[in-house]
């Protein structure tokens with residue numbers, strides 16, 4: 001039996017490696033489409049991506065995969081597998097069970113609906129007309145309700161959706177954590193908006209693109225981003241993509257009338273990229289070779305963007321270089337003025353343009369709506385009204401149109417329900433991890449001020465990056481911090497930072 | 001039966017489409033590796049390419065493919081297939097028969113030998129030591145002799161190898177054509193080298209890269225290269241690659257001390273690219289969607305590089321723009337001096353650096369050696385001596401080292417025997433095609449001088465490009481020129497052009 005086990009384990013690993021190879025080819029085509037593929041080739045390239053994606057999906061639900069899972073899951077065999085094979089098996093098994101439970105005809109119908117809904121959403125958003133999108137959104141919600149029926153759920157139906165993006169996180173946890181967060185942020189936000197605002201006019205003056213690029217490249221290098229394992233390109237919507245740990249690409253966007261887009265966007269994507277570049281080499285060729293969850297990934301990008309990139313010490317060290325790159329716009333702008341300007345807090349309508357303090361409130365609005373939809377407490381037809389009410393209640397702003405309200409995000413049109421909470425979880429995780437880091441490296445502030453960032457990257461690699469998907473989000477959190485999810489660190493951070501910036505006498 | 005036929009035809013086309021989709025993904029990965037893929041990701045990416053290539057190979061020799069071929073080749077069924085399906089079937093059948101005749105174990109051994117031989121060749125070339133490479137080359141020749149045994153041959157063993165790159169071309173044809181060519185070029189070359197040489201010093205002065213790029217882009221546009229279906233990038237070894245007709249990419253190389261590399265290299269690759277961009281859309285997804293042969297492809301690149309790019313009229317129209325881009329290096333260089341300089345003829349050791357007149361002689365040296373090897377008239381161990389003798393006899397130059405002699409080309413290390421003749425055929429085809437074009441458009445010279453290049457591109461598309469692989473090389477030649485392969489047009493072109501440039505009173 002040992003012989004057979006070894007043969008099967010090896011064949012299984014070859015099988016999943018092939019899936020990863022197809023995924024890597026798909027990833028490169030995706031990157032290429034966004035960084036300069038000729039437009040007349042796009043339709044044909046999309047077909048190629050479709051062919052390879054179907055192959056991966058077919059492999060994940062094939063009889064061969066089923067046989068591997070059945071054989072290797074036998075307790076005596078499972079126990080004898082390597083740790084990596086065990087975790088790989090767990091991962092593909094979860095996918096298999098999820099995918100196999102949906103009747104194929106129904107899944108096909110759903111895929112067609114998704115692609116139609118995305119283009120209808122775009123039209124609805126352009127016309128700011130929710131009624132166009134409503135019937136599609138209703139169907140998407142219906143489908144996902146039926147899927148939850150197939151998959152089953154524990155505690156709350158919405159938990160099954162959350163589990164796709166953030167395994168281990170439930171409604172019970174989020175209700176608790178998000179209400180604490182909301183109850184702290186809302187009054188703090190009130191004080192901040194009542195206080196005098198920093199001067200920001202200089203942010204919007206002309207900053208040459210080439211100089212923004214020079215600064216961005218410099219910062220990526222300092223973060224420890226390895227240019228022998230990556231490259232920086234320009235796109236309309238910035239992203240980072242890990243094809244394998246030796247090829248993790250970052251893109252950014254240069255706006256000559258607002259350098260913050262490139263500077264903070266590059267640091268943010270660089271944070272994602274450091275994660276993917278530093279996953280253990282032994283996970284290459286398995287589905288474990290990527291970030292463990294959306295939320296933990298976001299914790300890495302936000303850690304760098306906010307805790308490093310918006311840290312006063314970071315700018316003590318970098319402001320003069322930025323001034324040289326940007327030129328006269330910084331004349332008369334002292335370091336402290338600059339620091340306050342890049343940390344301005346302003347309630348606004350659009351999630352992706354929000355500052356770090358109001359951002360979680362945007363996510364909470366979406367979370368509450370999604371939870372209501374899947375527990376039959378909210379109907380799709382009422383979404384515009386409910387959206388606007390919640391925005392007014394939490395942020396004190398009311399959308400002037402559905403385009404700037406309920407229609408602003410693409411996620412729902414693709415059937416991605418349960419995804420939004422990961423964005424806020426990223427902030428909470430990041431603050432918790434930072435606290436653990438400071439305990440390990442008490443001179444954190446000084447290191448940031450001195451541009452000594454490599455030990456920070458090193459710490460993140462040792463505690464988070466290297467594990468890829470072999471550890472679940474909550475497992476990482478517990479191993480690193482000794483605690484479960486805890487929003488207090490983020491709340492304390494907001495209070496301390498913004499009391500200083502806005503000179504509140506709290 | 002009609003129902004079944006239709007079902008099978010459709011399934012067959014789906015099957016070959018999938019192969020093309022995999023090839024397109026491989027093509028993009030290849031392009032990416034050469035234009036800026038991070039170096040630490042290269043090894044892993046090569047594995048991905050290997051996986052997809054094995055898939056394509058497995059599909060081309062599978063039982064499923066065999067069943068398609070058997071079914072669709074039945075005469076009554078074949079006759080009822082669409083023209084495109086018939087040609088597709090012919091194409092995959094040829095591959096199938098070729099691949100299926102080699103015992104799998106032997107093929108695997110050969111693939112391993114190829115990859116070893118390439119790295120040994122590189123070492124041998126770097127050390128200019130043929131003895132390192134000799135045993136590998138002997139084995140490669142041995143393998144190919146055995147393959148010819150499996151495949152069979154007509155007339156001459158070497159024909160079977162020629163057929164892989166240039167179907168329809170045989171030793172009988174080449175012996176005739178190449179001897180005519182050689183007998184005309186050698187005495188003409190003698191006269192040219194005895195005549196006073198043009199002044200070329202100005203060619204090697206500093207020409208800024210950005211300005212070379214500006215000029216290259218301008219010329220590509222004038223040629224009718226569609227930038228919505230392509231892009232220009234920079235590489236060490238320039239190439240053009242057609243992923244699909246809507247995505248045909250060109251690369252070039254900028255040498256600041258010799259602008260000719262970029263200018264003529266871009267026009268050359270642009271010629272290849274025009275071919276791939278203008279293949280009929282209905283061939284997308286079949287193996288017919290590429291140039292019909294190496295030689296016809298080369299005829300397109302050489303047509304543009306030499307008959308347009310080295311045409312006096314072209315420079316009457318473009319020299320002033322080049323002067324503006326290049327600056328002071330052209331001071332005092334009249335158009336006629338410039339024209340003579342870019343058409344200088346000089347016998348030299350290296351094929352890829354040769355001018356258009358001596359280039360065919362480099363090819364003939366290789367042709368005669370390959371033919372001798374496969375007819376047991378030449379032994380591998382004697383190659384350095386034979387190479388040097390032939391170079392001296394035809395070109396009047398003797399290599400100072402094997403690195404600059406028999407070891408200069410990569411082709412043999414990859415087992416590519418029968419490929420070299422295509423390069424010379426490209427010249428012959430191009431001159432024949434140009435003659436037919438002038439009959440159709442008698443004001444060709446005037447059009448070139450006026451920069452009216454689009455009708456030229458149009459003519460090539462109508463007569464050559466659109467057909468992809470649905471017409472064989474000789475079929476194209478006969479349909480366009482009414483003749484079989486005929487070297488006289490190239491010979492006349494050389495005589496007329498170089499008599500004028502070198503002011504020979506022939």
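Heads up, the Cβ atoms here are built off N, Cα and C, so glycines get one too.
Any TrEMBL annotation is an automated prediction that lacks curation.
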Same-site residue for Zn(2+) (record: TrEMBL; known: B:268, B:272; options: B:222, B:234, B:298): B:298
Just to verify: the residue among B:269, B:298 with the fewest other Cβ atoms within 10 Å, which of the recorded positions is it? B:298
May I ask you to report the DSSP-based helix, strand or coil state of residue B:269 (active site, proton donor/acceptor)? helix
Distance [Cα-Cα, Å, rounded] between residue B:298 (Zn(2+) binding site) and residue B:269 (active site, proton donor/acceptor): 9
Which are the residues of the chain, B:268, B:272, B:298 excluded, whose CB is within 8 A of where the CB atoms of the Zn(2+) site average out, their centroid? B:240, B:269, B:271, B:297, B:300, B:301, B:302, B:304, B:305, B:426
Counting every protein chain shown, other Cβ atoms within 10 Å of the Cβ of residue B:272 (Zn(2+) binding site) number 23
Does anything in the same chain, at least 6 positions from residue B:268 (Zn(2+) binding site), have a Cβ under 8 Å from its Cβ, and if so what? B:238, B:301, B:302, B:304, B:305, B:309
